[in-house]
Number of protein chains: 2
Amino acid sequence: MQLGRFKRYFPILDWARRYDGTTLEADLVAAVIVTIMLIPQSLAYALLAGLPPEVGLYASMLPLVLYAVFGTSRALAVGPVAVASLMTAAAVGELAARGTPEYLGAAIALAFLSGLMLLAMGVLRLGFISSFLSHPVISGFISASGILIAASQIKHLLGVSANGKTLPDIVTSLVENIGQINLPTLVIGVAATAYLFWTRKGLKGFLEARGVPPRLSGLALRAAPVSAVLVTILLAWALGLDQHGVRIVGEVPRGLPMPTLPPLDLALWAQLAVPALLISIVGYVETISVAQTLAAKRRQRIDPDQELVALGAANLGSAVSGGFPVTGGFARSVVNFDAGAATPAAGAFTAIGMALATLVLTPALYYLPQATLAATIVVAVLSLVDLGAIKHAWAYSKADASATVVTIAATLLFGVETGISAGVGLSILLHLWRSSRPHYAVLGQVPGTEHFRNILRHKVVEAPGILQIRVDESLWFPNARFLEDMIYDRVAANPSLAHVVLNCPAINFIDLSALEALEAINERLRDAGVALHLSEVKGPVMDRLVRSDLITHMTGNVYLTHFDALSALAPELTGATVRDLRRETAR
Amino acid sequence: MQLGRFKRYFPILDWARRYDGTTLEADLVAAVIVTIMLIPQSLAYALLAGLPPEVGLYASMLPLVLYAVFGTSRALAVGPVAVASLMTAAAVGELAARGTPEYLGAAIALAFLSGLMLLAMGVLRLGFISSFLSHPVISGFISASGILIAASQIKHLLGVSANGKTLPDIVTSLVENIGQINLPTLVIGVAATAYLFWTRKGLKGFLEARGVPPRLSGLALRAAPVSAVLVTILLAWALGLDQHGVRIVGEVPRGLPMPTLPPLDLALWAQLAVPALLISIVGYVETISVAQTLAAKRRQRIDPDQELVALGAANLGSAVSGGFPVTGGFARSVVNFDAGAATPAAGAFTAIGMALATLVLTPALYYLPQATLAATIVVAVLSLVDLGAIKHAWAYSKADASATVVTIAATLLFGVETGISAGVGLSILLHLWRSSRPHYAVLGQVPGTEHFRNILRHKVVEAPGILQIRVDESLWFPNARFLEDMIYDRVAANPSLAHVVLNCPAINFIDLSALEALEAINERLRDAGVALHLSEVKGPVMDRLVRSDLITHMTGNVYLTHFDALSALAPELTGATVRDLRRETAR
């Protein structure tokens, strides 16, 4: 038991035992491909978060190793990702100016806090908190983030200065500074963007049409950003473009990250608590989605609670090695999977690759134009934008589609935190609204059977003096009031009524508010000389009801089937139909 | 249609046509009794709200007349009530100092804003917003408010100065100022409190034992606060107690309220928006509960949306006549009902009674000790405190009971707004938590029948290679992830699986998040060579599903009954049992 629990927290103990040459080879190949992809991305996402480039490299080492120890997904690639970087910039930008030690300190504290929260949620098994984020909200939020991120990078492609955390602010700022456009930057930026778009859309087909095997052409696709990086570094160096106004990455400190302590400033932590929670939850939801998708393809299983622990450890690791918030990246994980990663060790090997790159390649990055990094970001994030999802959602549910639209609009107009909060609030409100007016049917008996159906939809026989109602929804606080209103209305409208039978097969639970509503209904019907009965109450619901006062005080009875109820309350009616039924069967 | 709509907004058009001498007499008697009760209460609740006493009188005239025009309850008594007065004090106290014109202006603006909100909710039929308040939260909030109100009045009973909006603050403040105790005040306060408690508990029995008819002894009970008021006024006047440190009400302006405009200050309105919404919703929930209870006793009906309109009109009326937020009072409405009020006209007559009192009695109120008013408040609000509800709730649902406890604790420790917000947040969180881990059962066939039951509870036959699952909950975003995790887990654990059949009779709706989860499940199961089927999907759910891609892409089928599904997927199995079934029937 103790060992099982221990092993639950260290999935590495499970897969490491069976590790052999085949898995090693598969993991090494995947690690090389992911490393090639991760070098430019880690620099670019640090830039997006407003941090020095080396912070992106630092966030791509220790977190990957820790995920390999604690993670349950065989293919998840952890590291800096676009949306979390945008959220980091939004949160930290409120508290400090870019380029200051306070800004970096706050980013590190954010990773630390997010790590603690994820770890706590994992150990306490609170993963359900992520269920607050409905698909429409997540989908809208990711799309809007993609648009915001792309907009925020335009300044780097043009070589102008601009800022803002909302779309109107960014656009205004760009328009105001449009006069600053730097031609060499524009050329590099547009060319790199066009090249990267083309590699995404056409390179693979182009190569395969020329006889290059799919595996190699796939690798070429992954290496395209690195090739853009190399070519533009060479151009910038050869032409001395930094002398012509092209912003370059500049000095990147060589060497591995040093152990770092996040600033122990409680006021800062309090200010970062909400952003850290949002980053944690958004990151977790994305992580678990991609991990599930990839695991299901090979019939592997992942443990959602342990994923919280692993992601928490990865973020704590990022913080103590001077990095910023990390999470499971969708694109990189798919590449890792396609490249054949067999175990989480592939991530650890990627970390070694990143460490080597940091030790060896950093001097070569000096001349890397920021416009090239911006181009890789723009091309990567535009694949996040999926406005077609709105149309798709609209066809199924207008309520859900409106949650997407509101999340997108609020994110673009008011920023990431307001956007996601508005989406969560709206989706809960919509659910309460839907629950507050459930579908219900007044029932009548299908002649000659023991079945009862909606009197509006079927040719059925109503029992005089008996109101038979089926509510197609669990009874809980949003519809407790509805239930009272609806029954009182019908009782007031029908003075000859003597019985109300509530048919309960669709009721999965009854909360205390609804129980009290039922108790009130029972009392008020009693005052009006009407008896309340229940029929077809489900087992778990009945288990609870017997612990309440309702059953002891109820003026009527609980019947196993609705037919039993009608047989008891209107024997002359059901008796006739039962006889009919027998005759029917006898024929 | 147009007329019907018009009539809906003016229920007075309905009952006024049938008004006659009998109803007039009944309404007049009720109005006299309620007026006697309302005079001291209106002064006391103004004091509680931190407002001059005449504001309580003003809030007891026009609002009652407007409710009589727009209200649908025959017995509801609108006016100042304890909880809304406490909430007014908490909201307005944030913005201005007691006794200043700004304080009064803010209280008037609060009534105006609350009136607008209620009216808007009524016209737009947004009454469901009140469903956010579950019974456990309301119950906890009312109990905690009762405790806070009683604690806030102790200073008046002792004659010390003290303040604070939370229980710890009030207690600390009282302890610090305990040295200021004024003996005459203490004597009046304790005596009035003891007298009023005794009239509540013992007066009626005492009189009836001495042969006083119940109707008269009931009237004596209602008049007890007025008698305390009279006696203490006489004492204070005769002994000149104001010269001995007893705080008296002092000058109350004689005459009817003047038309007032609420301050047109948008910044003020913005600050009052959240408190106004909370007061509106809490007031509405209380109003509708008591109105429903009383209407049901006489098989009358009330219109919840029109009650919003009526309560909105009453609050606007209160604001434009210099009053503060009003709502339907529980105790006064019950008295009104018991006294025989036949139509809303009883409320209008009460307003006339209050106007006469304002014109005639105000000079007599000069010597009224504040301690007497505090005693009426303390005795009235302690009946609101119902801590036994926690125990009662705990027996039925620990989750609901914890919502009550958290609401009480947060209200006492952090004030009314935090308290109610914490309660609402927690009850929604608890619901999501419950929904996120629904009850589900793996099914097997009851031998020889077409029934399928939980394999853990019943002796049933499982079909090899087929996973049959029944989820006892609607599918929506909190459990979309659960559904995926649960199915992938079971598929990963059972390599010989070829079919998954989801049995859906308990699923009342499927939102977009759950639909996308089902689509993902379908795809991932397809990748793993497993087909997904549905059985017993409800009509309204199926109506939506056919508009989605799920049905077209589904690897399996939708079956009308679960038995149909098993007959198709494992004919050798069900065939045998069908034959058994026939043999069984033939016997």
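Glycine is no exception: its Cβ is also placed from the backbone N, Cα and C atoms.
Residues annotated as transmembrane segment in TrEMBL: B:28-49 (among others).
Annotation source TrEMBL lists transmembrane segment at B:55-70 (among others).
Look at TrEMBL and you will find B:77-97 (among others) tagged as transmembrane segment.
Residues 49-52, 55, 59, 88, 91-93, 95-97, 260, 262-263, 265, 268-269, 272-273, 275-277, 279-280, 283-284, 305-320, 322-326 of the same chain lie 6 or more positions beyond the ends of the transmembrane segment (B:103-124) yet place their CB under 8 Å from a CB of it. The transmembrane segment annotation in TrEMBL covers B:103-124 (among others).
Beyond the transmembrane segment (B:136-158), the same-chain residues lying 6 or more positions past its ends with a Cβ under 8 Å from any Cβ of the stretch are 47-48, 82-83, 86-87, 164-167, 170-171, 173-174, 177-178, 180-182, 185-186, 189-190, 193, 247, 282, 285-286, 370-371, 373-375, 377-378, 381-387, 389-390, 393, 400-401, 403-409, 411-412, 416, 419-420, 423-424, 426-427. According to TrEMBL, the feature transmembrane segment maps to B:136-158 (among others).
Outside the transmembrane segment (B:178-198), and at least 6 residues removed from its termini, the chain residues within Cβ reach (under 8 Å) are 156-161, 224-225, 228, 232, 235-236, 239, 241, 244-247, 369, 371-372, 374-376, 378-379. What TrEMBL records for B:178-198 (among others) is transmembrane segment.
Look at TrEMBL and you will find B:219-239 (among others) tagged as transmembrane segment. Same-chain residues lying 6+ beyond the ends of the transmembrane segment (B:219-239) with a Cβ under 8 Å from its Cβ atoms: 33, 36-37, 39-41, 184, 188, 192, 195-196, 199-200, 203-204, 207, 212, 246, 248, 335, 364-365, 367-369, 371-372, 375-376.
The annotation transmembrane segment is assigned in TrEMBL to B:266-287 (among others).
Sequence annotations record features per position, and here TrEMBL assigns transmembrane segment to B:308-326 (among others).
Proximity of distant same-chain residues to the transmembrane segment (B:346-366), defined by a Cβ-Cβ separation under 8 Å and at least 6 residues beyond the stretch ends, is recorded for 26-28, 30-32, 34-35, 38-39, 42-43, 53-54, 57, 60-62, 64-65, 67-68, 71, 75-78, 233, 248-256, 336. The transmembrane segment annotation in TrEMBL covers B:346-366 (among others).
Annotation comment: TrEMBL describes B:373-394 (among others) as transmembrane segment.
According to TrEMBL, the feature transmembrane segment maps to B:406-430 (among others). Outside the transmembrane segment (B:406-430) by six or more residues, the chain places 86-87, 90-91, 132-134, 136-137, 140-141, 143-145, 147-148, 165-168, 274-275, 278, 282, 387, 390, 399-400 with a CB less than 8 A from a CB of the stretch.
Under the heading domain 'STAS', TrEMBL lists B:456-569. Across the residues of the domain 'STAS' (B:456-569), the predicted structure has a mean pLDDT of 90.
Ranked by number of Cβ pairs under 8 Å to the transmembrane segment (B:28-49), the listed stretches B:55-70, B:77-97, B:308-326, B:373-394 are led by B:77-97.
If you look at the transmembrane segment (B:373-394) against the transmembrane segment (B:55-70), you find fewer than three C-beta pairs under 8 angstroms, all six or more positions apart, and that falls short of contact. Long-range contacts of the transmembrane segment (B:308-326) within the same chain: residues 9, 46, 49, 51, 55-56, 58-67, 69-72, 78-81, 84-85, 87-88, 104, 107-112, 114-123, 126-127, 257-262, 279-280, 283-284, 287, each at least 6 residues beyond the stretch ends and with a Cβ under 8 Å from a Cβ of the stretch. According to DSSP, the secondary structure content of the domain 'STAS' (B:456-569) in residues is 52 helix, 21 strand, 41 coil.
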